[in-house]
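According to TrEMBL:
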type	residues	note
DOMAIN	25-261	domain 'NADP-dependent oxidoreductase'
ACT_SITE	58	active site, proton donor
SITE	83	site 'Lowers pKa of active site Tyr'
BINDING	114	substrate binding site
Ligand SMILES: NC(=O)c1ccc[n+]([C@@H]2O[C@H](COP(=O)([O-])OP(=O)(O)OC[C@H]3O[C@@H](n4cnc5c(N)ncnc54)[C@H](OP(=O)(O)O)[C@@H]3O)[C@@H](O)[C@H]2O)c1
């Protein structure tokens, strides 16, 4: 029997510029493979998560497809994101058809250019993605790891802006300029490595966690949801998956949000 969802936060959505909905809380699958990976995905489903993020380069789309098929959750209740790798530029249709076959689906919800193509190949590849969207193989297309200028380049050349930019994001990586520039373009931020690239022992984060009766990870999740940013997190531990999204009781005041924003740039990663 499928356990009851641990959080109603998993039901929060953003409306993309296309008009379609994207569940804000998503489960990342980087480095999840085989039986243990499928088990973690199953636990995320049990916790109530319906948005799953993978990529051709993770080489686990098949595991995700199997785990979701086993879950019995109807396809229409799931939101699946995958990504076009740089090595498949020029072979976009082949890459997307393989993704669909691995995921055991007929249409993907969101397909991202994983990294910006350097040089003249960028716009043709985006045009190929647009054609595949128009052909019905994917509902929405977006980008990942793009600078605002690169988004403008593809949007100006084709008239089709991406609906999402999936980037490294959390209070420590927060950039008010990037947030504002993407918001005015109606490009949703989807945050990756929100926990792995955070300092969960940071004094301010710990203070806010203590004030709100939450864990540092729950505070980070709520910080994203308060701004209606998509957040993709990952865990291979059943209790952490459920706990990270159990944020209904975690309220952050404006003052706490500002203190968390103030952690931006307080330290640097490799
Ligand atoms: N577009 C891109 O270029 C790109 C790049 C990287 C990632 N992504 C996507 O973004 C997703 C999320 O990034 P990520 O995989 O780095 O996930 P993450 O959630 O930032 O970090 C995962 C790590 O955090 C640990 N963790 C989870 N909950 C915790 C908690 N409550 N306390 C302490 N540690 C905790 C996990 O350990 P346990 O497993 O032990 O819980 C795991 O080691 C990826 O899976 C992938 O789908 C995209």
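Using the three backbone atoms N, Cα and C, a Cβ is placed for every residue, glycine included.
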Residues that sit under 8 angstroms from the residue listed as 'substrate binding site' by C-beta distance, when 6+ apart in the chain: 55, 56, 57, 83, 84, 85, 86, 144, 145
Integer average pLDDT (0 to 100) for the domain 'NADP-dependent oxidoreductase' (25-261): 98
Intrachain C-beta neighbours of the residue listed as 'active site, proton donor', sequence separation six or more, cut-off 8 angstroms: 29, 30, 31, 32
Three-class DSSP secondary structure - the residue listed as 'active site, proton donor': helix
